[in-house]
Amino acid sequence: LQDQFDNLEKHTQWGIDVLEKYIKFVKERTEIELSYAKQLRNLSKKYQPKKNSKEEEEYRYTSTRAFLATLNEMNDYAGQHEVISENMTSLITGELTRYVQELKQERKSHFHDGRKAQQHIETCWKQLEASKRRFERDCKEADRAQQYFEKMDADINVTKADVEKARQQAQLRHQMAEESKAEYSSTLQKFNSEQHDHYYTHIPNIFQKIQEMEERRIVRIGESMKTFAEVDRQVIPIIGKCLDGITKAAESIDHKNDSQLVIEAFKSGFEPPGDVDFEDFTQPMKRTVSESSLSNSRGDGKSEPKFGGKSKGKLWPFIKKNKGAGPEDFSNLPPEQRRKKLQQKVDELNKDIQKEMDQRDALTKMKDVYIKNPQMGDAASVDHRLAELGQNIEKLRLEVQKFEGWLAEVEGRLPARTEQARRQSGLYEAQNTSAVNSCAQDRESPDGSYTEEQSQETEMKVPATDFDDEFDDEEPLPTIGTCKALYTFEGQNEGTISVAEGEMLYVIEEDKGDGWTRIRRNEDEEGYVPTSYVEVYLDKNAKGA
(Lines of atoms letter the chains of each structure in order from A and count residues from 1; the text may use other names and numbers.)
(Lines give C-alpha, C1' and ligand atoms only; values in the text may rest on other atoms or scores of the structure.)
Protein backbone atom coordinates (compact mmCIF):
# COMPACT_ATOMS: atom_id res chain seq x y z
CA LEU A 1 0.00 0.00 0.00
CA GLN A 2 3.07 2.26 -0.20
CA ASP A 3 1.63 3.95 -3.26
CA GLN A 4 -1.94 4.29 -1.77
CA PHE A 5 -1.18 7.01 0.73
CA ASP A 6 -4.00 9.30 -0.46
CA ASN A 7 -6.60 6.51 -0.45
CA LEU A 8 -5.63 5.53 3.09
CA GLU A 9 -6.03 9.11 4.16
CA LYS A 10 -9.57 9.19 2.73
CA HIS A 11 -10.46 5.82 4.32
CA THR A 12 -9.33 6.82 7.81
CA GLN A 13 -11.37 10.02 7.53
CA TRP A 14 -14.38 7.90 6.56
CA GLY A 15 -13.79 5.77 9.68
CA ILE A 16 -13.89 8.85 11.89
CA ASP A 17 -17.10 9.96 10.16
CA VAL A 18 -18.66 6.54 10.92
CA LEU A 19 -17.67 6.89 14.58
CA GLU A 20 -19.21 10.37 14.79
CA LYS A 21 -22.37 9.08 13.12
CA TYR A 22 -22.63 6.33 15.76
CA ILE A 23 -22.13 8.90 18.53
CA LYS A 24 -24.98 10.94 17.08
CA PHE A 25 -27.15 7.82 16.94
CA VAL A 26 -26.53 6.99 20.62
CA LYS A 27 -27.13 10.62 21.62
CA GLU A 28 -30.52 10.61 19.90
CA ARG A 29 -31.34 7.30 21.62
CA THR A 30 -30.58 8.85 25.02
CA GLU A 31 -32.86 11.78 24.19
CA ILE A 32 -35.63 9.36 23.27
CA GLU A 33 -35.15 7.47 26.55
CA LEU A 34 -35.30 10.70 28.55
CA SER A 35 -38.40 11.85 26.70
CA TYR A 36 -40.06 8.45 27.20
CA ALA A 37 -39.20 8.45 30.91
CA LYS A 38 -40.57 11.98 31.29
CA GLN A 39 -43.82 11.03 29.56
CA LEU A 40 -44.16 7.94 31.76
CA ARG A 41 -43.60 10.01 34.91
CA ASN A 42 -46.14 12.61 33.78
CA LEU A 43 -48.61 9.82 33.01
CA SER A 44 -48.12 8.27 36.44
CA LYS A 45 -48.42 11.68 38.14
CA LYS A 46 -51.55 12.53 36.15
CA TYR A 47 -53.45 9.54 37.50
CA GLN A 48 -52.15 9.72 41.07
CA PRO A 49 -54.96 10.48 43.58
CA LYS A 50 -55.25 14.11 44.61
CA LYS A 51 -54.47 14.76 48.26
CA ASN A 52 -57.43 15.49 50.53
CA SER A 53 -59.87 14.60 47.77
CA LYS A 54 -62.60 12.05 47.29
CA GLU A 55 -60.22 9.97 45.18
CA GLU A 56 -58.17 9.10 48.27
CA GLU A 57 -61.23 7.40 49.78
CA GLU A 58 -61.63 5.30 46.64
CA TYR A 59 -58.17 3.79 47.13
CA ARG A 60 -59.33 1.60 50.00
CA TYR A 61 -60.55 -0.93 47.43
CA THR A 62 -58.09 -3.59 46.33
CA SER A 63 -58.63 -2.85 42.64
CA THR A 64 -57.83 0.85 43.03
CA ARG A 65 -54.90 0.05 45.33
CA ALA A 66 -53.59 -2.26 42.61
CA PHE A 67 -53.94 0.58 40.12
CA LEU A 68 -52.02 2.87 42.48
CA ALA A 69 -49.29 0.22 42.78
CA THR A 70 -49.19 0.04 38.97
CA LEU A 71 -48.70 3.82 38.82
CA ASN A 72 -45.84 3.60 41.33
CA GLU A 73 -44.22 0.75 39.43
CA MET A 74 -44.54 2.72 36.19
CA ASN A 75 -42.75 5.58 37.91
CA ASP A 76 -39.90 3.21 38.82
CA TYR A 77 -40.05 1.81 35.28
CA ALA A 78 -39.53 5.35 33.97
CA GLY A 79 -36.57 5.71 36.30
CA GLN A 80 -34.86 2.75 34.63
CA HIS A 81 -35.15 4.44 31.25
CA GLU A 82 -33.49 7.48 32.79
CA VAL A 83 -30.71 5.15 33.99
CA ILE A 84 -30.33 3.85 30.41
CA SER A 85 -30.00 7.40 29.14
CA GLU A 86 -27.47 8.38 31.81
CA ASN A 87 -25.33 5.27 31.33
CA MET A 88 -25.31 5.58 27.54
CA THR A 89 -24.35 9.23 27.82
CA SER A 90 -21.47 8.59 30.20
CA LEU A 91 -20.23 5.20 28.93
CA ILE A 92 -20.72 5.66 25.18
CA THR A 93 -21.36 9.23 24.06
CA GLY A 94 -18.89 10.89 26.40
CA GLU A 95 -16.17 8.27 26.00
CA LEU A 96 -16.44 8.11 22.22
CA THR A 97 -16.46 11.89 21.88
CA ARG A 98 -13.16 12.11 23.74
CA TYR A 99 -11.78 9.18 21.75
CA VAL A 100 -12.69 10.83 18.44
CA GLN A 101 -10.74 13.92 19.42
CA GLU A 102 -7.71 11.78 20.30
CA LEU A 103 -8.15 9.79 17.08
CA LYS A 104 -8.17 12.93 14.96
CA GLN A 105 -4.97 14.15 16.59
CA GLU A 106 -3.27 10.77 16.13
CA ARG A 107 -4.36 10.51 12.50
CA LYS A 108 -3.13 14.02 11.81
CA SER A 109 0.25 13.18 13.32
CA HIS A 110 0.65 9.96 11.31
CA PHE A 111 -0.24 11.50 7.99
CA HIS A 112 1.98 14.48 8.74
CA ASP A 113 4.88 12.07 9.21
CA GLY A 114 3.93 10.30 6.00
CA ARG A 115 3.79 13.50 3.99
CA LYS A 116 7.12 14.57 5.47
CA ALA A 117 8.73 11.27 4.42
CA GLN A 118 7.20 11.60 0.97
CA GLN A 119 8.59 15.11 0.59
CA HIS A 120 12.03 13.95 1.75
CA ILE A 121 12.25 11.17 -0.86
CA GLU A 122 11.03 13.54 -3.53
CA THR A 123 13.76 16.02 -2.53
CA CYS A 124 16.39 13.26 -2.74
CA TRP A 125 15.10 12.30 -6.16
CA LYS A 126 15.37 15.90 -7.38
CA GLN A 127 18.96 16.11 -6.09
CA LEU A 128 19.79 12.89 -7.93
CA GLU A 129 18.29 14.19 -11.14
CA ALA A 130 20.21 17.49 -10.85
CA SER A 131 23.49 15.63 -10.25
CA LYS A 132 22.80 13.36 -13.17
CA ARG A 133 22.04 16.22 -15.53
CA ARG A 134 25.23 18.05 -14.43
CA PHE A 135 27.31 14.94 -15.00
CA GLU A 136 25.76 14.49 -18.42
CA ARG A 137 26.44 18.13 -19.32
CA ASP A 138 30.05 18.00 -18.14
CA CYS A 139 30.66 14.82 -20.16
CA LYS A 140 29.35 16.47 -23.31
CA GLU A 141 31.46 19.57 -22.68
CA ALA A 142 34.54 17.38 -22.18
CA ASP A 143 33.86 15.58 -25.49
CA ARG A 144 33.52 18.85 -27.39
CA ALA A 145 36.72 20.22 -25.78
CA GLN A 146 38.62 17.02 -26.75
CA GLN A 147 37.37 17.20 -30.34
CA TYR A 148 38.33 20.89 -30.58
CA PHE A 149 41.86 20.13 -29.25
CA GLU A 150 42.37 17.33 -31.74
CA LYS A 151 41.17 19.59 -34.57
CA MET A 152 43.51 22.39 -33.53
CA ASP A 153 46.44 19.97 -33.14
CA ALA A 154 45.94 18.64 -36.66
CA ASP A 155 45.73 22.10 -38.26
CA ILE A 156 49.27 23.27 -39.36
CA ASN A 157 48.09 26.83 -39.61
CA VAL A 158 47.26 27.06 -35.91
CA THR A 159 49.92 28.39 -33.64
CA LYS A 160 51.45 26.29 -30.95
CA ALA A 161 49.97 28.59 -28.28
CA ASP A 162 46.43 28.04 -29.54
CA VAL A 163 46.98 24.31 -29.54
CA GLU A 164 48.27 24.40 -25.98
CA LYS A 165 45.30 26.46 -24.91
CA ALA A 166 42.89 23.98 -26.49
CA ARG A 167 44.69 21.10 -24.80
CA GLN A 168 44.40 22.73 -21.35
CA GLN A 169 40.72 23.43 -21.94
CA ALA A 170 40.12 19.80 -22.86
CA GLN A 171 41.91 18.63 -19.73
CA LEU A 172 39.81 21.01 -17.57
CA ARG A 173 36.61 19.70 -19.07
CA HIS A 174 37.66 16.10 -18.51
CA GLN A 175 38.45 16.94 -14.88
CA MET A 176 35.03 18.60 -14.39
CA ALA A 177 33.36 15.55 -15.94
CA GLU A 178 35.18 13.27 -13.52
CA GLU A 179 34.10 15.40 -10.58
CA SER A 180 30.45 15.41 -11.78
CA LYS A 181 30.68 11.67 -12.18
CA ALA A 182 31.89 11.24 -8.65
CA GLU A 183 29.19 13.55 -7.33
CA TYR A 184 26.51 11.76 -9.33
CA SER A 185 27.69 8.40 -8.05
CA SER A 186 27.60 9.62 -4.46
CA THR A 187 24.18 11.17 -4.87
CA LEU A 188 22.85 8.01 -6.48
CA GLN A 189 24.09 5.84 -3.62
CA LYS A 190 22.56 8.22 -1.12
CA PHE A 191 19.24 8.26 -2.96
CA ASN A 192 19.10 4.50 -3.20
CA SER A 193 19.72 4.26 0.51
CA GLU A 194 17.08 6.86 1.28
CA GLN A 195 14.62 5.21 -1.06
CA HIS A 196 15.21 1.85 0.55
CA ASP A 197 14.68 3.29 4.01
CA HIS A 198 11.61 5.14 2.76
CA TYR A 199 9.83 2.14 1.30
CA TYR A 200 11.05 -0.52 3.69
CA THR A 201 11.28 1.37 7.00
CA HIS A 202 9.67 4.78 7.28
CA ILE A 203 6.52 4.28 5.22
CA PRO A 204 5.81 0.75 6.61
CA ASN A 205 6.19 2.09 10.14
CA ILE A 206 3.80 4.96 9.42
CA PHE A 207 1.33 2.65 7.70
CA GLN A 208 1.59 0.21 10.60
CA LYS A 209 0.67 2.98 13.03
CA ILE A 210 -2.22 4.03 10.81
CA GLN A 211 -3.38 0.41 10.62
CA GLU A 212 -3.22 0.04 14.41
CA MET A 213 -5.10 3.30 14.82
CA GLU A 214 -7.81 2.12 12.42
CA GLU A 215 -8.08 -1.27 14.12
CA ARG A 216 -8.43 0.41 17.53
CA ARG A 217 -11.24 2.51 16.08
CA ILE A 218 -13.01 -0.59 14.81
CA VAL A 219 -12.55 -2.41 18.12
CA ARG A 220 -13.73 0.66 20.03
CA ILE A 221 -16.94 0.98 18.04
CA GLY A 222 -17.57 -2.73 18.55
CA GLU A 223 -17.08 -2.38 22.31
CA SER A 224 -19.45 0.59 22.31
CA MET A 225 -22.09 -1.49 20.59
CA LYS A 226 -21.67 -4.16 23.25
CA THR A 227 -21.98 -1.49 25.94
CA PHE A 228 -25.09 -0.24 24.17
CA ALA A 229 -26.68 -3.66 24.63
CA GLU A 230 -25.25 -4.19 28.12
CA VAL A 231 -26.72 -0.91 29.40
CA ASP A 232 -30.15 -2.17 28.40
CA ARG A 233 -29.48 -5.64 29.80
CA GLN A 234 -28.46 -4.27 33.21
CA VAL A 235 -31.86 -2.68 33.82
CA ILE A 236 -33.86 -5.67 32.57
CA PRO A 237 -33.91 -7.35 36.04
CA ILE A 238 -35.18 -4.15 37.66
CA ILE A 239 -37.74 -3.61 34.90
CA GLY A 240 -38.73 -7.24 35.43
CA LYS A 241 -39.25 -6.49 39.14
CA CYS A 242 -41.44 -3.53 38.18
CA LEU A 243 -43.52 -5.75 35.94
CA ASP A 244 -43.62 -8.41 38.67
CA GLY A 245 -44.88 -5.72 41.05
CA ILE A 246 -47.67 -4.86 38.62
CA THR A 247 -48.54 -8.54 38.31
CA LYS A 248 -48.50 -8.99 42.09
CA ALA A 249 -50.72 -5.93 42.50
CA ALA A 250 -53.15 -7.36 39.96
CA GLU A 251 -53.18 -10.71 41.77
CA SER A 252 -53.88 -8.95 45.08
CA ILE A 253 -57.25 -7.73 43.82
CA ASP A 254 -59.95 -9.35 45.94
CA HIS A 255 -63.42 -8.91 44.47
CA LYS A 256 -65.08 -10.33 47.58
CA ASN A 257 -63.25 -7.88 49.82
CA ASP A 258 -64.18 -4.95 47.57
CA SER A 259 -67.81 -6.00 47.61
CA GLN A 260 -67.72 -6.22 51.40
CA LEU A 261 -66.19 -2.73 51.59
CA VAL A 262 -69.06 -1.40 49.50
CA ILE A 263 -71.53 -3.07 51.84
CA GLU A 264 -69.78 -1.68 54.92
CA ALA A 265 -69.59 1.79 53.38
CA PHE A 266 -73.23 2.11 52.42
CA LYS A 267 -75.23 -0.14 54.75
CA SER A 268 -77.74 1.87 56.77
CA GLY A 269 -78.63 -0.58 59.52
CA PHE A 270 -82.33 -0.56 58.69
CA GLU A 271 -84.29 -3.77 58.56
CA PRO A 272 -86.24 -4.52 55.35
CA PRO A 273 -89.99 -3.79 55.53
CA GLY A 274 -92.20 -6.62 56.72
CA ASP A 275 -94.88 -8.46 54.81
CA VAL A 276 -97.91 -6.53 53.64
CA ASP A 277 -101.04 -7.62 55.55
CA PHE A 278 -104.05 -8.81 53.68
CA GLU A 279 -106.78 -6.17 53.72
CA ASP A 280 -110.23 -7.69 53.67
CA PHE A 281 -112.59 -5.17 52.12
CA THR A 282 -115.58 -7.42 52.80
CA GLN A 283 -115.41 -6.46 56.48
CA PRO A 284 -117.44 -3.45 57.59
CA MET A 285 -114.32 -1.48 58.46
CA LYS A 286 -112.09 1.03 56.86
CA ARG A 287 -108.91 0.07 55.17
CA THR A 288 -106.03 -0.61 57.55
CA VAL A 289 -102.71 0.58 56.39
CA SER A 290 -99.83 -1.64 57.45
CA GLU A 291 -97.03 0.35 58.91
CA SER A 292 -94.51 -1.98 57.40
CA SER A 293 -95.88 -1.41 53.90
CA LEU A 294 -94.33 0.93 51.40
CA SER A 295 -97.76 1.95 50.08
CA ASN A 296 -97.61 5.16 52.14
CA SER A 297 -95.01 6.45 49.65
CA ARG A 298 -97.77 6.39 47.02
CA GLY A 299 -100.54 7.82 49.16
CA ASP A 300 -102.54 10.97 48.76
CA GLY A 301 -99.74 13.17 50.10
CA LYS A 302 -100.98 13.19 53.71
CA SER A 303 -98.80 12.43 56.71
CA GLU A 304 -98.49 8.96 58.18
CA PRO A 305 -99.53 7.99 61.72
CA LYS A 306 -98.05 10.25 64.34
CA PHE A 307 -97.09 7.69 66.96
CA GLY A 308 -93.42 8.40 67.41
CA GLY A 309 -92.77 8.74 63.69
CA LYS A 310 -92.59 4.98 63.33
CA SER A 311 -93.37 4.80 59.64
CA LYS A 312 -91.05 7.69 59.00
CA GLY A 313 -88.21 5.66 60.41
CA LYS A 314 -89.17 2.69 58.25
CA LEU A 315 -88.99 4.75 55.08
CA TRP A 316 -85.65 6.35 55.86
CA PRO A 317 -83.86 4.91 52.80
CA PHE A 318 -86.32 6.73 50.55
CA ILE A 319 -86.18 10.12 52.25
CA LYS A 320 -84.20 12.85 50.53
CA LYS A 321 -81.09 13.75 52.44
CA ASN A 322 -80.85 17.17 53.99
CA LYS A 323 -78.44 19.42 52.17
CA GLY A 324 -75.81 21.41 53.98
CA ALA A 325 -74.08 20.65 57.26
CA GLY A 326 -75.84 18.09 59.45
CA PRO A 327 -76.15 18.07 63.22
CA GLU A 328 -73.10 17.51 65.37
CA ASP A 329 -74.20 14.04 66.51
CA PHE A 330 -74.82 12.91 62.90
CA SER A 331 -78.36 11.94 63.84
CA ASN A 332 -79.46 12.78 60.31
CA LEU A 333 -77.63 9.65 59.09
CA PRO A 334 -78.79 6.02 59.14
CA PRO A 335 -77.67 4.08 62.22
CA GLU A 336 -74.73 2.27 60.67
CA GLN A 337 -73.44 5.36 58.87
CA ARG A 338 -73.89 7.38 62.04
CA ARG A 339 -71.91 4.84 64.04
CA LYS A 340 -69.02 5.04 61.56
CA LYS A 341 -69.00 8.83 61.61
CA LEU A 342 -69.07 8.94 65.41
CA GLN A 343 -66.29 6.34 65.66
CA GLN A 344 -64.22 8.34 63.17
CA LYS A 345 -64.78 11.50 65.19
CA VAL A 346 -63.76 9.75 68.42
CA ASP A 347 -60.57 8.46 66.77
CA GLU A 348 -59.72 11.94 65.48
CA LEU A 349 -60.23 13.47 68.90
CA ASN A 350 -58.08 10.80 70.54
CA LYS A 351 -55.30 11.55 68.04
CA ASP A 352 -55.58 15.25 68.86
CA ILE A 353 -55.39 14.42 72.57
CA GLN A 354 -52.27 12.33 71.99
CA LYS A 355 -50.62 15.19 70.07
CA GLU A 356 -51.40 17.64 72.85
CA MET A 357 -50.08 15.20 75.45
CA ASP A 358 -46.88 14.68 73.47
CA GLN A 359 -46.37 18.44 73.36
CA ARG A 360 -47.05 18.68 77.07
CA ASP A 361 -44.54 15.92 77.82
CA ALA A 362 -41.92 17.63 75.68
CA LEU A 363 -42.47 20.96 77.39
CA THR A 364 -42.36 19.26 80.79
CA LYS A 365 -38.96 17.76 79.96
CA MET A 366 -37.79 21.15 78.72
CA LYS A 367 -38.93 22.73 81.98
CA ASP A 368 -37.02 20.12 83.99
CA VAL A 369 -33.91 20.90 81.96
CA TYR A 370 -34.36 24.62 82.61
CA ILE A 371 -34.80 23.97 86.32
CA LYS A 372 -31.60 21.91 86.47
CA ASN A 373 -29.70 24.29 84.17
CA PRO A 374 -31.09 27.83 84.59
CA GLN A 375 -28.54 29.22 82.14
CA MET A 376 -30.29 27.36 79.29
CA GLY A 377 -33.64 29.11 79.81
CA ASP A 378 -36.35 30.33 82.14
CA ALA A 379 -38.48 27.48 83.50
CA ALA A 380 -41.40 29.86 84.10
CA SER A 381 -41.56 30.74 80.39
CA VAL A 382 -43.21 27.40 79.55
CA ASP A 383 -45.82 27.47 82.34
CA HIS A 384 -48.32 29.46 80.27
CA ARG A 385 -48.05 27.04 77.35
CA LEU A 386 -48.37 24.04 79.69
CA ALA A 387 -51.54 25.54 81.13
CA GLU A 388 -52.94 26.04 77.62
CA LEU A 389 -52.16 22.44 76.70
CA GLY A 390 -53.85 21.20 79.89
CA GLN A 391 -57.00 23.16 79.04
CA ASN A 392 -56.95 21.90 75.47
CA ILE A 393 -56.60 18.29 76.64
CA GLU A 394 -59.50 18.72 79.07
CA LYS A 395 -61.70 20.21 76.34
CA LEU A 396 -60.84 17.40 73.95
CA ARG A 397 -61.58 14.78 76.62
CA LEU A 398 -65.01 16.33 77.20
CA GLU A 399 -65.61 16.19 73.46
CA VAL A 400 -64.55 12.53 73.40
CA GLN A 401 -66.95 11.73 76.24
CA LYS A 402 -69.77 13.48 74.42
CA PHE A 403 -69.20 11.59 71.16
CA GLU A 404 -68.61 8.30 72.99
CA GLY A 405 -71.99 8.79 74.64
CA TRP A 406 -73.65 9.18 71.26
CA LEU A 407 -71.66 6.21 69.97
CA ALA A 408 -72.83 4.05 72.87
CA GLU A 409 -76.41 5.12 72.13
CA VAL A 410 -76.06 3.97 68.51
CA GLU A 411 -74.29 0.72 69.29
CA GLY A 412 -76.44 -0.45 72.18
CA ARG A 413 -79.74 1.35 71.93
CA LEU A 414 -82.31 2.71 69.48
CA PRO A 415 -82.74 6.39 68.65
CA ALA A 416 -84.96 8.31 71.07
CA ARG A 417 -88.60 8.74 70.11
CA THR A 418 -88.39 12.52 70.38
CA GLU A 419 -85.70 12.54 67.71
CA GLN A 420 -87.99 10.61 65.38
CA ALA A 421 -90.82 12.93 66.16
CA ARG A 422 -88.66 15.92 65.31
CA ARG A 423 -87.63 14.37 62.01
CA GLN A 424 -91.25 13.64 61.18
CA SER A 425 -92.41 17.13 62.00
CA GLY A 426 -89.63 18.79 60.00
CA LEU A 427 -88.34 20.66 63.05
CA TYR A 428 -85.18 18.61 63.37
CA GLU A 429 -83.13 20.76 61.06
CA ALA A 430 -83.87 23.83 63.16
CA GLN A 431 -82.83 22.08 66.35
CA ASN A 432 -80.10 23.80 68.38
CA THR A 433 -77.12 21.44 68.49
CA SER A 434 -75.91 22.69 71.85
CA ALA A 435 -79.30 22.00 73.36
CA VAL A 436 -79.14 18.44 72.13
CA ASN A 437 -75.74 17.98 73.69
CA SER A 438 -76.95 19.14 77.10
CA CYS A 439 -80.18 17.17 77.11
CA ALA A 440 -79.16 13.78 75.68
CA GLN A 441 -79.45 11.63 78.82
CA ASP A 442 -80.46 8.00 79.01
CA ARG A 443 -82.79 6.14 81.27
CA GLU A 444 -82.50 2.45 81.78
CA SER A 445 -84.85 -0.13 83.20
CA PRO A 446 -83.74 -2.38 86.05
CA ASP A 447 -82.56 -5.00 83.57
CA GLY A 448 -80.44 -2.44 81.72
CA SER A 449 -82.67 -2.08 78.64
CA TYR A 450 -83.25 1.25 76.99
CA THR A 451 -86.39 3.21 77.85
CA GLU A 452 -86.44 6.71 76.37
CA GLU A 453 -84.42 9.89 76.02
CA GLN A 454 -85.08 12.55 78.64
CA SER A 455 -84.94 15.81 76.74
CA GLN A 456 -85.39 19.39 77.74
CA GLU A 457 -87.27 19.74 74.49
CA THR A 458 -89.96 17.17 75.29
CA GLU A 459 -92.40 19.98 75.40
CA MET A 460 -91.83 20.53 71.69
CA LYS A 461 -94.73 18.60 70.24
CA VAL A 462 -95.50 17.77 66.65
CA PRO A 463 -97.68 20.54 65.18
CA ALA A 464 -101.21 19.52 64.55
CA THR A 465 -101.97 18.71 60.92
CA ASP A 466 -104.93 17.66 58.95
CA PHE A 467 -103.74 14.12 59.44
CA ASP A 468 -104.49 14.26 63.17
CA ASP A 469 -108.15 14.87 62.54
CA GLU A 470 -108.29 12.15 59.94
CA PHE A 471 -106.48 9.72 62.20
CA ASP A 472 -108.99 10.25 65.00
CA ASP A 473 -111.76 9.15 62.69
CA GLU A 474 -110.06 5.94 61.62
CA GLU A 475 -111.26 2.55 62.80
CA PRO A 476 -109.17 1.34 65.82
CA LEU A 477 -106.69 -1.46 65.08
CA PRO A 478 -107.82 -4.92 66.23
CA THR A 479 -106.12 -6.45 69.25
CA ILE A 480 -103.70 -9.33 68.62
CA GLY A 481 -103.06 -10.25 72.24
CA THR A 482 -102.49 -8.97 75.74
CA CYS A 483 -99.49 -7.89 77.78
CA LYS A 484 -98.48 -7.34 81.38
CA ALA A 485 -96.35 -4.36 82.42
CA LEU A 486 -93.21 -5.56 84.18
CA TYR A 487 -92.08 -2.04 85.16
CA THR A 488 -93.61 1.38 85.47
CA PHE A 489 -93.11 3.49 82.35
CA GLU A 490 -93.91 7.19 82.13
CA GLY A 491 -94.64 7.96 78.50
CA GLN A 492 -93.76 11.63 78.26
CA ASN A 493 -92.88 11.69 74.55
CA GLU A 494 -95.21 11.95 71.60
CA GLY A 495 -96.68 8.57 70.63
CA THR A 496 -95.89 6.81 73.92
CA ILE A 497 -98.25 5.78 76.71
CA SER A 498 -97.69 5.56 80.48
CA VAL A 499 -98.19 2.18 82.22
CA ALA A 500 -98.00 1.02 85.79
CA GLU A 501 -96.21 -2.10 87.00
CA GLY A 502 -98.49 -5.15 86.85
CA GLU A 503 -101.11 -3.44 84.64
CA MET A 504 -102.75 -5.61 81.95
CA LEU A 505 -103.22 -4.04 78.49
CA TYR A 506 -104.14 -5.01 74.93
CA VAL A 507 -101.52 -5.48 72.21
CA ILE A 508 -102.51 -4.00 68.84
CA GLU A 509 -99.10 -4.12 67.11
CA GLU A 510 -96.12 -6.25 68.04
CA ASP A 511 -92.46 -5.20 68.01
CA LYS A 512 -91.27 -4.68 64.42
CA GLY A 513 -87.61 -4.92 65.43
CA ASP A 514 -87.26 -1.39 66.75
CA GLY A 515 -87.77 -2.26 70.46
CA TRP A 516 -91.30 -0.76 70.76
CA THR A 517 -94.67 -2.45 71.12
CA ARG A 518 -97.98 -0.68 70.42
CA ILE A 519 -100.61 -1.24 73.12
CA ARG A 520 -104.10 0.01 74.05
CA ARG A 521 -105.62 0.66 77.45
CA ASN A 522 -109.09 1.56 76.22
CA GLU A 523 -110.68 3.04 73.16
CA ASP A 524 -109.17 6.46 73.78
CA GLU A 525 -105.70 5.54 75.10
CA GLU A 526 -103.09 3.76 73.02
CA GLY A 527 -99.41 4.24 72.23
CA TYR A 528 -95.93 2.70 72.34
CA VAL A 529 -94.03 1.23 75.28
CA PRO A 530 -90.56 -0.39 75.32
CA THR A 531 -90.89 -4.10 74.51
CA SER A 532 -88.56 -4.95 77.41
CA TYR A 533 -91.05 -3.35 79.83
CA VAL A 534 -93.92 -5.72 79.02
CA GLU A 535 -94.56 -9.43 78.80
CA VAL A 536 -96.61 -10.10 75.65
CA TYR A 537 -99.19 -12.87 75.21
CA LEU A 538 -100.24 -13.08 71.54
CA ASP A 539 -103.46 -14.75 70.43
CA LYS A 540 -102.62 -17.63 68.14
CA ASN A 541 -105.73 -17.04 66.02
CA ALA A 542 -105.35 -13.27 65.97
CA LYS A 543 -104.72 -11.52 62.68
CA GLY A 544 -101.04 -11.04 62.07
CA ALA A 545 -100.10 -12.99 65.20
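Here the Cβ of each residue, glycine as well, is placed from N, Cα and C on the backbone.
Those TrEMBL annotations? Automatic predictions, nothing curated.
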Annotated region 'Disordered' segment (source TrEMBL; candidates 21-60, 421-460): 421-460
Tertiary contacts of the coiled coil (149-180), as residues 6+ beyond its ends and Cβ separation under 8 Å: 131, 134-135, 137-139, 141-142
Within the predicted model, mean pLDDT of the domain 'SH3' (478-539): 86
